[in-house]
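What TrEMBL says about this one:
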- 29-64: domain 'SWIM-type' (DOMAIN)
- 148-162: compositional bias 'Polar residues' (COMPBIAS)
- 148-181: region 'Disordered' (REGION)
- 193-207: domain 'CCHC-type' (DOMAIN)
- 202-226: region 'Disordered' (REGION)
- 208-221: compositional bias 'Polar residues' (COMPBIAS)
Amino acid sequence: MFPRAQTEDACKVVFNVSERKNWETRVAEVVYVKDSDHASCSCQRFEFVGIICKHILALFRRDQIEYMPEKYILKRWKKTAKCGLVSDANGKEIKDCADPGLLIKRSTMSRLASDVVEDALMSEEGCEVLSETLKSLQVKLKLLKDGPSNNEVGGSSSQTQYMKDPKRVRCKGRSKGVTGAKEKAMKRGIRHCRECGHIGHDRRQCPALNTPTSPSNNDESTPIHRSDPLFDDFDRMHGPRYFKHFVGTEQIQSSV
């Protein structure tokens, strides 16, 4: 903040307080009246909110004023604000609100409205836009207040309302779509066998490895010689006659 004296006469002094915000320079005009020792700013924050603005504080800092003048501290900000009756603009008594959530909402909206008013007062176009917006907003709030929904509070509605399914919203981005077998094969790539070197299969399905080589997998049986120890055990259990009959039967079946 940089306050600079613009004009001065016997009654008042006009200061221009420049502020740099968001790469823009804003200038506010502060008028100091000597007779009443009162300072007013073009942003009118003190008149709307009741809190002295930063432009006047910059002027006080320039003049090295250590303590805030009493007239700039309103009763609503003092500890004794709740002492006595509080009335509104129509003279009606305002009762204390016990709902803390409502107080938080009121404080948030008041702060937001104060910032909007401060930005609008920097130009004539901003003031006109804000005035038109506030008027239309006031009409909408009045219709909302006098609407049929307020009359049904605390009671049940006689008409049955049916809820319909919400509209389907398409997800952002490009859809994947249906992938065909040809596209899947192209993405998978060509299989190459490291065993035989051919393509179209891998090592697990290689025909060279799956070829049966053991005698147990063949259809033909391996002949057994008479000198095998199994024949001695067979003779002890069944006798040599049964062996001759068994050998003759096997020869007949093999010849057939």
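Heads up, the Cβ atoms here are built off N, Cα and C, so glycines get one too.
Residues of the domain 'CCHC-type' (193-207) grouped by DSSP class, helix first, strand second and coil last, total 3 helix, 1 strand, 11 coil. Model confidence over the domain 'SWIM-type' (29-64) stands at 88, taken as the mean pLDDT rounded to a whole number.
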